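Here's the structure, in structure tokens; my notes come after.
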Amino acid sequence: MASSGTQIFEDMLLDHVEFYVNELAAKTDWFVDSFGFSVYATTDASEKEPEVRSVGLGGNRIRLVLTEPLVGDHPGAAYVEKHGDGVADIALRVTDAAAAFDEAVRRGARPVSPPAGYDGVVTATIMGFGDVAHTFVQRAGDTDERALPGLRPVYGSASGTGGNLDEVDHFAVCVESGQIDATVDFYRHILDFELIFTEHIVVGSQAMTIKVVQSRSGAVTLTLIEPDVSQVAGHIDEFLKHHGGAGVQHMAFTAGDIVEAVGTIGARGVEFLSTPDAYYSLLPERMELGRYSVDELRRLNILVDEDHDGQLYQIFARSVHPRNTFFLELIERLGARSFGSGNISALYQAVELQQSREEAAA
């Protein structure tokens, strides 16, 4: 029985995140070595003349799929040529993939792949923003959560803890000037997301508009960022230029203990953006810290902010992308459900400082 159009997207979850990459082995090693993830699925090695090679990896509730296109007419080849490595599909778990696809298309979404079944998994795909798609994934109750079309679970593989990382918290999406409202409307109208946060941020002579949309379940959150072109160009403009249009600038993983996570992941070789010491000198005046001391946060360059519900702790990894168009974030929420503007400004300044240093070094 088809689901009601008003209920199809109510319990939607994040199923997995697919990246298109140029060198699968190197990218797999980076995620495993840097974040402690484990490989849980691979493409069938016995397949003759495959179009792609893929690896599923992650830890706890984090599920990533890395896909390297092997033929020129695969959409991943055009993606990598245009954007470099990047997020190509934010896959959404639903109870009825066919109904979700039909309803989204009826509401105006652009179809990519119609519903198809494979070993207890049904998938169907629509386009989202830029060249990023959304695949609806439906799994039968007894289906292995690691199973996907074209991927075979690796049984007996170690369960990576992901460096004390639990799940994907949100995606930061940069869109071209003038497109943020249309993007918000798309998610509200097509997928029943809600607008939960909006702010215009000014940092020096640069500015941007931020709007956060979230699924009804609260499980999928997109932080949409649009540059203010009436001000001096900044790193959002740089992302759009070097990425080749709208796309995912960064993805955030939740940590149960961000101090422990940063220590563990930092010891694995991941570098994080630094924060001016003055930021920590002013912290006691801004808020009463709920969990960590100022010294702990200063030592690891962790940011802290708050909303009406509590505090959140964040840190941003230094980008290792050749185009500097993707990086990762760690976040711990101590009650906070949205985003404070203080950390957004701090991130903006930190990224600008990193780019200035790199330009000076070059």
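Including glycine, each Cβ sits where the backbone N, Cα and C put it.
All annotation found in TrEMBL is predicted automatically rather than curated by experts.
Values in this document were obtained by computation on a predicted structure and should not be read as measured data.
Features reported for this protein in TrEMBL:
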- 13-139: domain 'VOC' (DOMAIN)
- 167-318: domain 'VOC' (DOMAIN)
- His170, His250, Glu329: Fe cation binding site (BINDING)
Fe cation site shell beyond His170, His250, Glu329, criterion: Cβ within 8 Å of Cβ centroid: Asp169, Phe171, Ala172, Thr223, Gln249, Met251, Ala252, Phe316, Leu328, Ile331
Spatial neighbours of Glu329 (Fe cation binding site) that are distant in sequence (at least 6 apart) but have CB under 8 A: Asp169, Ala172, His250, Met251, Ala252, Phe253, Gln314, Ile315, Phe316, Ala317
Counts by DSSP class (helix H/G/I, strand E/B, coil) across the domain 'VOC' (13-139): 31 helix, 60 strand, 36 coil
Cβ packing number for His170 (Fe cation binding site), 10 Å threshold: 20
Other C-beta atoms that fall within 10 angstroms of the C-beta of His250 (Fe cation binding site): 22
